[in-house]
Amino acid sequence: MFQMAKRAFLSTTLTLGLLAGSALPFLPASAVYADPDTAVTNKQSFSTDVIYQVFTDRFLDGNPSNNPTGAAYDATCSNLKLYCGGDWQGLINKINDNYFSDLGVTALWISQPVENIFATINYSGVTNTAYHGYWARDFKKTNPYFGTMADFQNLITTAHAKGIKIVIDFAPNHTSPAMETDTSFAENGRLYDNGTLVGGYTNDTNGYFHHNGGSDFSSLENGIYKNLYDLADFNHNNATIDKYFKDAIKLWLDMGVDGIRVDAVKHMPLGWQKSWMSSIYAHKPVFTFGEWFLGSAASDADNTDFANKSGMSLLDFRFNSAVRNVFRDNTSNMYALDSMINSTATDYNQVNDQVTFIDNHDMDRFKTSAVNNRRLEQALAFTLTSRGVPAIYYGTEQYLTGNGDPDNRAKMPSFSKSTTAFNVISKLAPLRKSNPAIAYGSTQQRWINNDVYVYERKFGKSVAVVAVNRNLSTSASITGLSTSLPTGSYTDVLGGVLNGNNITSTNGSINNFTLAAGATAVWQYTTAETTPTIGHVGPVMGKPGNVVTIDGRGFGSTKGTVYFGTTAVTGAAITSWEDTQIKVTIPSVAAGNYAVKVAASGVNSNAYNNFTILTGDQVTVRFVVNNASTTLGQNLYLTGNVAELGNWSTGSTAIGPAFNQVIHQYPTWYYDVSVPAGKQLEFKFFKKNGSTITWESGSNHTFTTPASGTATVTVNWQ
């Protein structure tokens, strides 16, 4: 009862403090927020977090004794292809001096922590090293230049004590550069298991790697089953590789990491990744997001399909592209920004789980000499108040510049806490914990022209309204603005840092005002919810018996009922119930997609749709069909007797279109699928051209899946 009263007091205090312009919300997160949905212990949701992406080697050298020696190291960090000395002790030092807490970030996404190759590689006369962490050799050991296992554990413990989560980069797509015909090149892509050699790229008699040449990125299949540049590409249909990565990630989960960023998900089979995610969620579920690089593409159906079916979220490149076009490059306007918000909300089942960003290590930094600081500050404000989980690339708060690799990965230039960008982040980041409209809310455009965008975030009764004028020379007269803000006066949360103003609302109607040139303002209102309202369910996928976390507001302190579709879960199957968070065991129901609801004190919540219940433990099976000739316009698909195979549907839940170019060639087709372990499957292939379906004849094919590992089943078209 004391805890509930304490939370109610904090909620009221925070609301009044924000309206009065108080500095209270800008205390370190760990000092203020106690609700379980906002706590550092909530590994299943990052909705209330702001991520800070740091290249470990480029941030701070906290322990010079672990630096490389010889040609791999440049103490001046003037050669950005070499190691510069940054390590986990450097991160620990900045955690302890409150740099991150004062900035307002509550999660650190660090470079892949695993052991990388020690060899240097000469490309076109330039020495290259594995400073970036993406040239792994042993996924069960640490990169000694970052620190020891004890150092890594200390990093996690120190971060958690400050209310900061740790996200690791993880790259199960490949090891390191290799040449089939030259075992002396680099380390020949060799993979180790805690120091024991598993195998190398040359003479790969066990089939641990693909040997199909380099990808030309001409198709999804080409990118999956051919090498990414010269990197030794894993064959995930190999049972040894499958087990290796399911075991390796558990090692890091057991150390206490809070999240995973998966590299190059576009270049690995969806089926294997879904199976891998299922094993993670059955072990220790954490928020996981992948990198599906889109470049400047507006959208990609395969990208959307992956986000909705793999069990993980994605880095939101559509958001990134739109923000850069509008605020950085001036190639688009606010209507395009609003269109992106609307289209992604339609396409992604869980749009609030996608990770938003304005730049990262694989693209030119947002800031250049030609980009006004105010445009960067506005892009940050938009990202921090928009739907999705915001990620800030290290040095952005210091206006770090750099076009392309390696200049976009320069050494952290300073740790100033007085820049305007730092100030913007520090004022807006805490809103994700204090106002559920920012963490969980919907988005609605309220006023717009080419240069001005006013949008509203709303969750239950909580509201945030954001106004941005990207025109740096002309103010805008805002008239007829209608919002959900209750009657009252509202101060700019930014305190005028970006020339924002205060406003007055009369039943949601805002008095006419002038939005200054280059201005951004944020106004917000929070109040306690009296009815159950779901903001997030995580993970988004699981098997019966797994525990999932439901976050939101207004659940009350007395256990109610959780519904998966029409199946009610009560009693001991609900392992905890608090006003902002519920933990519940997935019931034994038929596999498929379900709407999750909460009933508290006789009142039903909103529905949280598209939660995926799996049949059970998952394995990856490669389905191969021979002699399936098609006509122009036809593609081949697979369906079968379990939800993971589409439950005999020929619609969007069917598997495919199948591939026929790399592992097997037309008229043989194949596809890797995550299916239930130890299960007798019945399945058929079918040809599809638009709405025209051509089924195989004869009886259903049958196959019993293994209890673990991987398998291949090959049939003839009948």
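Glycine is no exception: its Cβ is also placed from the backbone N, Cα and C atoms.
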Swiss-Prot Ca(2+) 2 site partner of Asn173, Ile224, His267, selected from Asp216, Asp230, Asp233: Asp233
Site co-member for substrate according to Swiss-Prot, given Tyr134, Trp135, His174, Asn227, Leu228, Tyr229, Asp230, Arg261, Lys266, His267, Asp405, Arg409, out of His160, His211, His283, His361: His361
Reduced DSSP assignment, Ile224 (Ca(2+) 2 binding site): helix
Spatial separation of Asn67 (Ca(2+) 1 binding site) from Arg409 (substrate binding site) - C-alpha basis, Å: 18
Residue among recorded positions Asp61, Asn66, Cys84, Asn173, Glu291 with Cα closest to the Cα of His361 (substrate binding site): Glu291
Rounded Cα-Cα span from His267 (Ca(2+) 2 binding site) to Cys77 (disulfide bond), Å: 32
Non-site residues, in chain order, whose CB comes within 8 A of the mean position of the CB atoms of Asn173, Ile224, Asp233, His267 at Ca(2+) 2: His174, His210, Ser215, Gly223, Tyr225, Lys226, Asn227, Leu228, Phe234, Ala264, Lys266, Met268
Listed recorded positions Asn63, Asn66, Cys84, Gly85, Asp87, filtered to Cα within 10 Å of Leu228 (substrate binding site): none
CB-centroid shell, 8 A cutoff, Ca(2+) 1 site Asp61, Asn63, Asn66, Asn67, Gly85, Asp87, site residues removed: Gly62, Pro64, Ser65, Gly86, Gln89, Gly90, Tyr145, Phe146
